[in-house]
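The block underneath contains the structure these notes are about, expressed in structure tokens.
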Amino acid sequence: MRDPHSERPDDVDPLANAGTGGPELPNSTEVGIDVATEEAESLENADYTHPGDPGTATSATEARSLWGHAWRDLRRNPIFLVSALLIVFLVFVSLWPSVVAGGSPYDCDLAHSREGASGSHPFGFDLQGCDVYNRTVYGARASVSVGVFATLGAALLGTVLGGLAGYFGGWWDGVLSRITEIFFGIPILLGGLVFLSVVPSGSIWPVIGFIVLLGWPQIARIARGSVITAKQNDYVQAARSLGASNSRIMLRHVLPNAVAPIIVVATIALGTYIALEATLSYLGVGLKPPTISWGQDISTAAPQYRNAPHMLLWPAAWLSVTVLAFIMLGDAVRDALDPKLR
Amino acid sequence: MAALLEVRDLQVEFRTRDGIAKAVNGVTYSVDAGETLAVLGESGSGKSVTAQAVMGILDSPPGFVTGGEIVFQGKDLLKMGAEERRKTRGDKMAMIFQDALSSLNPVLSVGYQLGEMFRVHRGASKKDARAKAVELMERVRIPAAKARVDDYPHQFSGGMRQRIMIAMALALDPDLIIADEPTTALDVTVQAQVMDLLAELQRETNMGLILITHDLGVVADVADKIAVMYAGRIVEAASVHDIYRAPAHPYTRGLLDSIPRLDLKGQELYAIKGLPPNLLAIPPGCAFNPRCPRARSVCRTDRPPVYDVTDDAGRPLEPPRGSACHFWKEQLHDRPV
């Protein structure tokens, strides 16, 4: 995509005036520059009338470079739009399941056990005679929160530790890299079986904790690599030569330039974390009743898939669509943040 | 009066996997307020490393200052604590880098980056910092500064970006500015404008300027004195006038002869034979001896000290002049080899 900013008449070359004595520009030139600048500004304003921040001029200008360009790319990307709509819907369902559901997921009647779809029960009934549609809708909350919180936790921990390792290098980097390697060596399922069977679990937090524990080294590696790349830029040395402190260099100069790959990997990881929760629940060590999750429903439905395939099909389909939505979002964001693909 | 900056016998080495690279081997130079020192040399001669050591921004590891003194306004910078040194940077001394595009952060607006100086060193508010940024942009003659203060580096032309770099360095009126090849990435007409701007700002503020370059044409116009570096040492130090009239080191002679000249159009351009030495294995004796047309056996065994260049009667010159060549006299009078 061509960048309209590059056509800015920046080259109404102001330099031409430097030779003739600087500030005392001839009037005509000054007017020319002003007109050019106004034109460029109106161009920009037209570009940045996206919903959400109409009045806040500063946030619009600050977002212009990396995020502004990414946002403009994303808005035109059908993959992003589809996945974003799906995710918005999923978040809505997680927050207010009763709006979408047809009744309580705990309202079960054994008489209907394994019955197929019927008028007011489009997804049919499960083994206990509960409505599969209601259970699937209520299951979104656990699955989506595990995905979102595990990703946030892993991304924060990984970025901080990996970022520090990349920035300071030396022994700190060595120690951290060895620790990540140890975590990489832990088999996920075996680790999950051991960890979650010794931790008392009544809520989603032990599962989230376990996923963060196994997930952060991957993010830390990415963060370390991209911080090392970013800190070698001349502008980091320039900032140092102008007296900026380590924390300022890290937060203002290195992090914004290193964060793109981290975000991308995190969005992709989010989908896989939801799938991991389902896997753990399927194995019986993840979420436990009365918490409802897709993983558990898939797990109870699996032995019955020959005589009642709908019990497996619906939660599995929702899980697949959710994971797909997050992976598509990650893909779209990565493409939008990579200037080379523009 | 004591010099603004005095570098004495500075030694810098890089500890690499292949061994120790001695990038700077005893550099001595000084700059006064309002004076311009040009440091000249090929790539890898140690001129930028010396500057980084002075600024205190040497990447360490692998770079280490192993000896010498850097006395700035009467204080040895090498004996200062890290925090005290950081406060000196930007405030008392600043640096201008070669490539303004890569030296400006692409994700921050230029106004933010200019204002950052005031926020870091003066604790200014966001609003004041922005106003100062506009002021600075006007000072380096960026037209429509008010409208462009929120623009990003990639929206400026190369010359404008270099002006912004200069503005950043000038922000807090430092006493010393080190410009590391400030015009290399620019085309010739813009080069001249940027150099003029630097010279003018120097006259206004009476700052000391160290100009690192390999462009002899740039030097002749703006510098007061020149230090020529080769393989981490200063091989000749003299006033601009003296050095252009009669170089006292064969390397300087070679550099001057390599400048394309209109009156010699059509002839083959002179080039110094060979390559600069590998810093992991600097030749014994004079480092320049393998490439030197005047080299004799003594050059291969004895490292020449920096001789004081004197006039024919043996009196020291004013301003003083030095050459690290055993045969500086012959070179000075350009006697045939």
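Here the Cβ of each residue, glycine as well, is placed from N, Cα and C on the backbone.
Keep in mind that TrEMBL annotations are predicted by a computer and have not been checked by a curator.
Look at TrEMBL and you will find A:1-11 tagged as compositional bias 'Basic and acidic residues'.
According to TrEMBL, the domain 'ABC transmembrane type-1' annotation covers A:140-330.
Under the heading region 'Disordered', TrEMBL lists A:1-37.
For the transmembrane segment (A:79-96), the list of distant contacts is 137, 140-141, 144-145, 321-322, 324-326, 328-329, 331-333, 336: same-chain residues at least six beyond its ends, Cβ to Cβ under 8 Å. Among the features that TrEMBL reports, transmembrane segment is placed at A:79-96 (among others).
The feature transmembrane segment is assigned by TrEMBL to A:144-167 (among others).
Positions annotated as transmembrane segment by TrEMBL: A:179-198 (among others).
For A:204-223 (among others), the entry in TrEMBL reads transmembrane segment. Within the chain carrying the transmembrane segment (A:204-223), a Cβ under 8 angstroms from the stretch's Cβ atoms is held by residues 142, 145-146, 149-151, 153-155, 157-159, 161-163, 165-166, 176, 179-181, 183-184, 186, 188, 191-192, 195-196, 258, 261-262, 265-266, 269, 273, 276-277, 280, 286-287, 291, all 6 or more beyond its ends.
Sequence-distant contacts of the transmembrane segment (A:254-276) (same chain, at least 6 residues past either end, Cβ-Cβ under 8 Å): 66, 143-144, 146-148, 150-151, 154-155, 158-159, 163, 166-167, 188, 192, 211, 215, 218-219, 222-223, 225-227, 229-231, 233, 236, 319, 322-327, 329-331, 333-334, 337-338. Look at TrEMBL and you will find A:254-276 (among others) tagged as transmembrane segment.
Outside the transmembrane segment (A:312-333) by six or more residues, the chain places 70, 74, 77, 79-80, 82-84, 86-87, 90, 123, 132-133, 135-136, 139-140, 143-144, 147, 263-268, 270-272, 274-275, 278, 294-295, 297-298, 301-302, 304-305 with a CB less than 8 A from a CB of the stretch. The annotation transmembrane segment is assigned in TrEMBL to A:312-333 (among others).
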